[in-house]
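S.K.: Have a look at the structure that comes next, please.
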Amino acid sequence: MLLTALGGFYASIQGSDGVDWEEYGAARISFDGEEIPTIVAPTWEAIIEAQGFTVAASRLWQMDLIRRKAGGRLAEWFGEAASAHDVRVASEDRLWTANEAVKDLPDSERIYCELYARGVNRFIDEYRFRWGLEYALLRTEPEPWSCMDSILVMIEMASDLSSIAKDEVANEVWRRNLSTEWQAFLFPEIHPWNRPLIGPRDLSASSTLPPPNQYIPRSPINEKQLGAVSEPVAVGSNNWAWTSAAATFVANDPHLGNTVPQIWYPMRLRVSETDWVVGTALPGVPGVVLGMNPSLAWSFTNSGEDVDDYLREEIDDQGKNYLLTGRGESAVWAPLERKKVSIRVRGEREARSIEVIKTRRGPLTEQPELGPGKYSRQWLPLKRGMLRLSIMKLIRAESIEAMNEALDDLRTPSQNVVFADRMGRIAYRLSGVGIKRSRNGRRPMPATDGEWLGYEPQSLRPRTVMTLDGVPTRHIATANDRVVAGRFEGFWASDDRRSRIDELLSSSGDLKLGDMKKIQLDTTSRFRKKLGIWIANRSEFNDESGRSLVQKFRDWSGSSRDDPKLFALTTVAEDHMTRILLGRVSAQFPTADAKVAYRWFNRRAWLTQLLELNDDDAWQVFGLTSKELAQHTMNVLVEKMASVEPHHLQNLFRGQHPFFERVPLLGHVFAVDRPPQWGASDLIDAQQPLHGPSFRGIYDLRDARSSLWSFPVGVSGHAVSGSYSNFQKKWVEDQMIPMLGGPHPPIE
């Protein structure tokens, strides 16, 4: 009890509570009732240094954790349990990559990076032992912050949003057992509901049935023959801009991991009445990533652009050289680049030595699922010149043209940027870098075939600007779907969210700010409604419970809030149907390959295609009839109807601090609530236990003071702080607060 009391006391004096906030050099730092800071200073240089100090006071340990994860230094804190991660990261030489990126930064970016680091280090130096309870529990102190650490934070964000080569490896096991026609069917690039913003609506790459001579042989449904299915890591988000003669809004809810502390740090930064920004900062990075200034508001979703490949290298018998180009007599060989790096593991006196081996394409790795051999990882963030800190240019853009110029330097991760100005113009820009390829990069391939040919000029990055031009309203929306048709390669989510957003934004010519909020919280699924009706219309029951469930599906709106239990049953139905169907496919594979899980970002595309064909014979491609599958699925649902929990009660928020339930006696100090959630991955409100909206923002371009935001956890990273989880109750109750509040708002 004494230890718990001492721990609680130590936690209570951490961070900002004991800081003198009256003046920081030329900057004035103040906080509103939710502990969201406003920094006012005569120059942006003074603001960014004060920002580093402010964020460190609240989130230093989180920043430290991110830089260590990105650089492969977690085992120094957590011991052997983290060593495998560190070995993998060290083998990619990410610390060297970050160090070189700092050298390559233009002076206009490096100056802010260094000023931010100066502010962080002032907090570290002047407020010893107020860094966070985590440091005391780990019996360690923070190292000084550097510009390289800010680059490491950017690498980690790029890793979260653009690492897809591992999915390509998993898919390859399935692909090598399938005919070309079956591959096209089960790995479709395009969802049947897709409506690209740019380019023609060409559905030729959507799911098409294999020919009848490749149908799976007819057989009864076998309950034990369920396929392995793995959900790809979700990297989703929603954003849109809507404009009419009376109003212009930009809305954003980026979907990331449910972390504690939450990933975003809300801030208001002001130089003058006409030079300010309000938005969300990424701890460890100067400036504001998502936000609004006097001229514009902007928002991001992940584009899914393919910038991550595994390339099979040909190594000579001595293991010293690799095939650079050519074949046979025209072959050109080059020496492998080798170097030693080290990782430290807590509890071990000596550092462990790791050999980094590289080709021109990237660091060498092994991929056991693909058999023996070495594969280079060709990943954009590891290339020179791709890691930039251009956010300051972005937040000071005064026009759509200036925003596009700023986005030229935002090279990774690629984002769907939707923005608007105060004149009512709305715009889209695909950020990132266009890769020139000789072959499609969605599959591992020989390195000499898959090596990138270079990069396209930024002037070719897709973009568009819309004005009303005589129509009542216009909108642009993205939700990780295929936004750009044609040459652009990517891994796109299904169009469930995007199609629903389009429907709601087109529903009226007189939408208000409150309507934007309702759309962000929408929980209606077009797919689930269609699936429920499809099953119901092909099922027959003599008993009342079966007939009742059939009628419920026919009457249901598709919303989790209208019937959370029915919503949960559609989850069971989709999962069971998918595993039944894929199990019949993988039963044709060798035993070892049949155990490998199928994973595809757009896996709903082929199931949606079958549901929409309205052709019961189409299901014979899997060796069964639609009636057999529907009746079998409905029987499963009737059996589970009494025991299945309503969706919101099984979909609890499970994000917690890394120390929760891992630290004896004091772990509970870091706990936050686990409220029920109505959302799901296929809904606009995409709440899941470990992934979901990381903040919600609605920017009102005609009346900036009306802009709103909300956050899932809290502002502070310090357990027992009053702002550690101060937003949770508001979030659960769907409340939002003004962005431009506080004692010194950007707009007086």
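For all residues, glycine too, the Cβ spot is worked out from N, Cα and C.
In TrEMBL, annotation is done automatically, which means it is predicted and not curated.
Residues or ranges marked as active site, nucleophile in TrEMBL: Ser237. Annotated Ca(2+) binding site per TrEMBL: Glu168, Asp306, Asp309, in sequence order.
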S.K.: Suppose the Ca(2+) site is Glu168, Asp306, Asp309. Which further residues of the same chain have a Cβ inside 8 angstroms of that site's Cβ centroid?
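M.R.: What remains near the Cβ centre is Ile164, Ala165, Val307, Asp308, Tyr310, Gly441, Arg442, Arg443, Pro444.
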S.K.: Under 8 Å between C-beta atoms and at least six apart in sequence, can you list the same-chain neighbours of Glu168 (Ca(2+) binding site), or say none if there are none?
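M.R.: In sequence order, Asp308, Asp309, Tyr310, Arg442, Arg443, Pro444 meet the Cβ cut-off.
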S.K.: Provide, as an integer number of angstrom, the distance between the C-alpha atoms of Asp306 (Ca(2+) binding site) and the residue listed as 'active site, nucleophile'.
M.R.: 17
S.K.: Would you mind checking how many other C-beta atoms are within 10 angstroms of the C-beta on Asp309 (Ca(2+) binding site)?
M.R.: 28
S.K.: Secondary structure at Asp309 (Ca(2+) binding site) (DSSP, helix/strand/coil)?
M.R.: strand
S.K.: What does DSSP call Glu168 (Ca(2+) binding site) in the simple three-state scheme?
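M.R.: DSSP assigns Glu168 (Ca(2+) binding site) to helix.
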